[in-house]
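If you look up TrEMBL, you'll see 144-193, 223-238 marked as compositional bias 'Basic and acidic residues'. Annotated compositional bias 'Low complexity' per TrEMBL: 210-220, in sequence order. Taken from TrEMBL, the feature domain 'C2' covers 1-110, 253-373, 406-536, 569-697. The region 'Disordered' annotation in TrEMBL covers 135-238. According to TrEMBL, the transmembrane segment annotation covers 827-857, 942-971.
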Amino acid sequence: MAETCTRKLIVEVCNAKNLMPKDGQGTASAFATVDFDGQRRRTKTKFRDLNPEWDEKLEFLVHDTESMATEILEISLYNDKKTGKRSTFLGKVKIAGSAFVKSGGETLVYYQLEKRSVFSQIKGELGLKVYYIDEDPPAPPAEQKPEAKAPETEENKPAQEAKPEEEKKEEEKKKEEPKTESNKEVKKEEEKPSPPPPPQEENPKKAEEAAPPVKVENPPLADSEKKPSKEEKEKAEIVKRSEVTINDIELRSLASDRSRSAYDLVDRMPFLYVRVVKAKAAKNESKSPVYAKLVIGTHSIKTKSQSDKDWDKVFAFDKEGLNSTSLEVSVWTEEKKENEEATQECSLGTVSFDLQEVPKRVPPDSPLAPQWYTLESESSAGNEVMLAVWIGTQADEAFQEAWQSDSGGLLPETRAKVYLSPKLWYLRLTVIQTQDLHLGSGSEAKVRNPELYVKAQLGAQLFKTGRTSFGSASSSSANPTWNEDLVFVAAEPFEPFLTVTVEDVTTGQSVGHAKIHVASLERRTDERTEIKSRWFNLAGGETKPYTGRIHVRVCLEGGYHVLDEAAHVTSDVRAAAKQLAKAPIGLLEVGIRGATDLLPVKTMDGTRGTTDAYVVAKYGPKWVRTRTILDRFNPRWNEQYTWDVYDPCTVLTIGVFDNGRYKRDEAAGKQDKDVTVGKIRIRLSTLDTNRVYLNQYALTVLLPSGAKKMGEIEIAVRFSCSSWLSLIQAYTSPMLPRMHYVKPLGPTQQDILRHTAMRLVTTRLTRSEPPMGQEVVQFMLDTDTHMWSMRRSKANWFRVVGCLTRVAILARWIEGIRTWVHPPTTVLMHVLLVAIVLCPHLVLPAIFMYAFLILAFRFRYRQRFVLNMDSRLTYVDMVGLDELDEEFDGFPTTRSHDVVRIRYDRLRALAGRAQTLLGDFAAHGERLEALWNWRDPRATGIFVVFCLVASLVFYVVPFKMFALGIGFYYLRHPRFRDDMPSVPISFFRRLPSFADQIL
């Protein structure tokens, strides 16, 4: 029996920075405890140091390599209790098992220390290197081979397990004794005493099964007796699995919920499954192609013709759509006679099944084993077919590989698939300088003083630096210097090379180029890592092998999240580097149940309309596509999918499309494009946790003729979260990774990179098999949000007006109080004004208490359903056909000159209003500036005198009396008011601005 390799997790605790003082003397004596898979290790204590350096390497045994990705590594920092009253918590770091890298790819990563509770006072960073190594078990000695391969029985057990009971007890006592004082401290702090016998009685078998390599690595008996404590220590660490933290238990239970709650958001659909494995003919002389045919009433599907008679295909028939109670499976051969081009089909026999006697299978039952069935035939006998027939649901494991009858049978374009977006990185190229450039003849280069720039290309991406002059060898510009950053988007698997070219602007010719291997570039996770600069030789071609050299700094930025969708509908904010990955905070489950009242989008046979609908759901890098249900206006998919959630403030996007790609025009070599039916979005932050939302959403599509409702889709959504603390902490953390804030990209650069990433994702998904259409990916990613649209402009304007409406309502309410529209309210405001002036310390408590009461009262009236696309908010019904046609027009435009002129004039009219609004806003600011700059000497002189008088008055009059006087004056009765503008307003409007100086 082949031995499996031993996997060990290595955690290098390097250092910590800027820790919180906890010993009462402005310092801290920190030590770290590391927990993984029930095992615990501890570092040494660094006394009185807020920036301790341990540089200790801790090893952990990985008991189950397959489930390592679901494990959580937790590192906690404590202040040593010997230097204080108690062991004080300094912070913790949690790293998901999916972030572990193999040995050789590890880098030093600084993690922000997390709080244990909301009220913890924690700060600082912890530097770690986390990786794993796989060690092959050493081959046992020759005389021990039979014993190592023999199965374990009661007579054949390892020698260390056959020891007397007294020796075992002595070893257990030695194992429980701490080796150092630090172990005593950790046990007193973190472990509660529990009776050892129960866990030892529960887990000995599990411990033996979880660590078989430990037994294989044991040397012969004489050596194993020398090291009994190590073996017993490893077993004791395995027994400690029951002491995992609460968060580990929650995450494991969350992972187990995936299988337990599968397909609980959708209706169970009965399917008739038929697995056709192979056929066996009695006379096997001919090598003619053979195929199997399945017939149930009017439903028929056949396999592909193969010469080896081995298909191993699974077919699923929607049981509710069957119109017969019997299944017929027949096997046919295609024989081609001599001197004839046409083939002749010959039946090898048929076998029938009564559907009422077909067994039912419900997971987790084992799959039904295929059996040989004799084919009944009049012409030949002894032919057999191997198949299995059973009735199950979409929860059956065979459903994903089955060819569904409602999807057209053997059509790859109609099957359900899961796609993954490529992993994206930012590639940063810093062009420093060039040296020893050869620009033709020396005299020519001196005369024309050329200008140079550097051009870098990665795939289809091309960026250039600015221009710089190249002088003579004696001048300071003999070595042109740029020090400019060029940022690209790189998708795994990477393009082979990054090409860097130095070009001459005056001649337009290349001076030389260099190729940089992308896969071998250094990867950076934070700004503290210094990337070494490198020199590359420039080559001008075969005739010029050396034309100079260029000095660059290039790396892959793993600390950023590469945005590949519109910022307002982003579904993933994780950093590109695997080392910075965090554990998921929840689970998103989506049940795509069905659609109703879909409108026809194409015609079948030129007579009647039809729709072949499927659904695409995207969240994070995972895309799912349901199976296509052909020719139905009320399709029922009843498929359920799950996603890990890392941030609650993200958006799930679901789109419905009509499949046009499964119909190929073989003669023209073309495929029809998929047609958009509609789209919905669900923001996870608007969902209550652990609650199922089952709703029907309208599918509206925007056409050049206007908005059109295409039907409704029924979706069930559940956002499960096991830890409220993790969910609340997510709201307090930055939205994007740290590099976006410490070394931000410019808005224009970020927009260019976003659209570049969208194009890369679109290209990769369209190259999948079966491909996801380009129009589908672009519609899901909203790649056209940056294009001009009169409708979107109006919608955004009215959104601003809607926000300002609340301010206008408040202003009208205050004006009603001021004008005594409701006298009791105005009298009450006088009393409130007196209370505020006399007791100003109660202002903030009163404001926040009022906000608390209002929000608490509105809680019962909160929305209890998920919002969908709002046609009223998007103003699809309030725009003209010409404005919609302008929105669907490409860039550059393809419309006639007259149409473009009309649209340009309309845009000029709107821009003129915006121009006037901006001018008025600027004039108000310039009037304030003119008051302080003596542009109007008389106005500024009046203001100076006013300031002098005001200072003397406020020196004599208490501020409370002044506030009361101003308040009462503002709330005076209308009979004491004047309809003319007040003195301050008239004075301000007379101040000069720069509007009269504009041409």
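Each Cβ is built from the backbone N, Cα and C atoms, and glycine gets one as well.
All TrEMBL annotations are machine predictions without curation.
Residue counts for the domain 'C2' (1-110) under DSSP (helix as H, G, I; strand as E, B; rest coil) come to 9 helix, 55 strand, 46 coil. Note on the transmembrane segment (827-857): residues 817, 960, 963-964, 967-968, 971 of its chain, located 6 or more positions outside it, place their CB under 8 angstroms from a CB of the stretch. In the domain 'C2' (569-697), the DSSP tally of helix, strand and coil residues is 7 helix, 67 strand, 55 coil. Under DSSP, the residues of the domain 'C2' (406-536) split into helix, strand and coil as follows: 15 helix, 62 strand, 54 coil. When pLDDT values are averaged over the domain 'C2' (406-536), the model yields 85. Helix, strand and coil counts under DSSP for the domain 'C2' (253-373) come to 14 helix, 58 strand, 49 coil.
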